[in-house]
Structures are given as C-alpha cells and as structure tokens.
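J.: This is the feature table in TrEMBL:
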BINDING   S9, S15, E16, S17, S137, S138, G139, G140  FMN binding site
DOMAIN    1-198  domain 'Flavodoxin-like fold'
REGION    199-220  region 'Disordered'
Amino acid sequence: MNILHVSCSPRDRASESYRLSQKIVACLLDIRPGATVKERVIGGAASLPPIDEDYAMSQHASEDVSQEGSAARSEELIRELESSDVVVIGTPMHNFTAPAALKLWIDHVVRVRKTFHVSPEGKVGMLRDRPVFVAVSSGGRFAGERARQPDFLTPYLKAILGMVGLHDLAFFTVQGTAFGPDALAEARARTDHALQEHFSSFHHPSRERSASPRSVATSP
Ligand SMILES: Cc1cc2nc3c(=O)[nH]c(=O)nc-3n(C[C@H](O)[C@H](O)[C@H](O)COP(=O)(O)O)c2cc1C
C-alpha cells in the first residue's frame, strides 16, 4: 500500500494538523506494516509557486500549450497522487477555508485532461477513487453545537476532490486549539477516540472492511 501524506501548515512538523495527520498515517501503518509513505510537504517555505501563465492557458485550451514550468510540476504531483492507494492530508483551517498552500496544491492536481475532463453534463473526474483522510486543525470550532463560525473548508474539499474522482473522504479534526491547554487536551482526546473507533474494525476479522471509510468524524 502506498500512502501519500500531504501536509500544508506553515508550522510544518510542530503543527497540530501535522500531528493529527501523522497519527492517521501511524494507524494505517499499524494495519498495513509494509506500506510505504511518500511525504509531500507544501506548507511555509516549502509552498508551491503559483501556477504560471501557460498552465492557466492550457486549462481552457484543447491541448497543453507547454510541458514546462507549472505543467511539469503538476505532472509530478499528479503522478504522486495517482500512484497512491491512500491519501492523508494535514491542513489547518485558514479564514474559514483551505490555507493558500493547500489551494496551490489543488490548483496543480485539478487539471483538465489529466484528472478531469469536461463533458456536456459538466466536469467528470478521471482519478480512481481511494480513501482520503483529512486531518483538520482549527483555532475555533466549526462543527457541532459549540461552532461559532462557518466552515467552507470541509464542503470545499469534498466538492473539489469529488470533482476529480475522490469521493471516499474521512475527516478527523482537532478544533479549538486557541482555547487553551485544557481545551486542546480534550479535543485531542476526543479525536484519538474517534481514530481508535475508526481503525479498530480493521483489527477484527469478523468486522474487517476495505480501507474505504466514507465517514466524517469530528471532535468539536
Ligand atoms: C492566517 C490564519 C487564518 C486562520 N483562520 C482561522 C479560521 O478561520 N478559523 C479558525 O478556527 N482558526 C483559524 N486560524 C487558526 C488555526 O486554524 C489554528 O491555529 C490551527 O490550530 C493551526 O493549525 P496548525 O498548527 O496545523 O497550523 C487561522 C490561523 C491563521 C494563521
């Protein structure tokens, strides 16, 4: 099993979303010890450059106008995605939605003729579906009774990843990281519990299932 681990916090390995995504990777390695992990760090100094003019032109042309620059980078990122069996994305919420670093990765992998094509009925995904685990960290809460802000992050990721054919999404969150150490400890504990629940079925042959979650687990 090939795991693609994408992490996009500017705080890199010190970040809460990386910490959570790393736990998900550990759970996956627990059930598939022989799995390989490809790390794709795209936060902070490792941020991808914005897409270039040729790439933008290619997105509405009948063929690519260049294979260089953003097109070459996009090719590499798409290859990584295509060769994965499971994707784990660690992301903070920034301004109610995806951080710019994750948006840039999306701009590179959501590509006409490569990961989707356009039909009279609309855009059609070209990627083989596979489990995608999304580890979200947020300073406030965006789900549950105590939510006090909108959430454009999880619906956006569902829509855009679904558009390229990735529908099998599971969200795990640590919300309220700004509310002090006790709240953070509580949020982490709830998420640990949700992770345990989610992955425990893989250890019981009678409840064995494919690595195909389709659930949304949050810990507001
Ligand atoms: C530019 C920026 C925007 C943010 N916007 C939000 C927001 O809209 N909602 C929220 O709950 N937290 C917001 N936060 C707080 C982060 O989501 C929070 O600190 C999170 O735990 C960071 O995760 P990380 O350690 O993985 O980077 C924002 C932080 C930054 C730097």
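Placement of Cβ uses the backbone N, Cα and C atoms for every residue, glycine included.
Because the structure is a prediction, the values reported are computed rather than measured.
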J.: Using a 10 Å cut-off, grab the number of neighbouring Cβ atoms around the Cβ of S17 (FMN binding site), all chains included.
T.: 27
J.: Looking only at Cβ atoms, how many others are within 10 Å of the one on G139 (FMN binding site)?
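T.: So the Cβ neighbour count for G139 (FMN binding site) comes to 15.
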J.: For the domain 'Flavodoxin-like fold' (1-198), what is the mean per-residue pLDDT, to the nearest integer?
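T.: Mean per-residue confidence for the domain 'Flavodoxin-like fold' (1-198): 97 out of 100.
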J.: Would you measure the largest Cα separation among S9, S15, E16, S17, S137, S138, G139, G140 for the FMN site and round it to whole Å?
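T.: That value is 16 Å for the farthest Cα pair.
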J.: What is the total of other Cβ atoms whose distance to the Cβ of S9 (FMN binding site) is within 10 Å?
T.: 25
J.: Measuring CB to CB from G140 (FMN binding site), give everything in the same chain under 8 Å that is also at least six residues away in sequence.
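T.: Residues satisfying the criterion: R148, Q149, Q175, G176, A178, F179.
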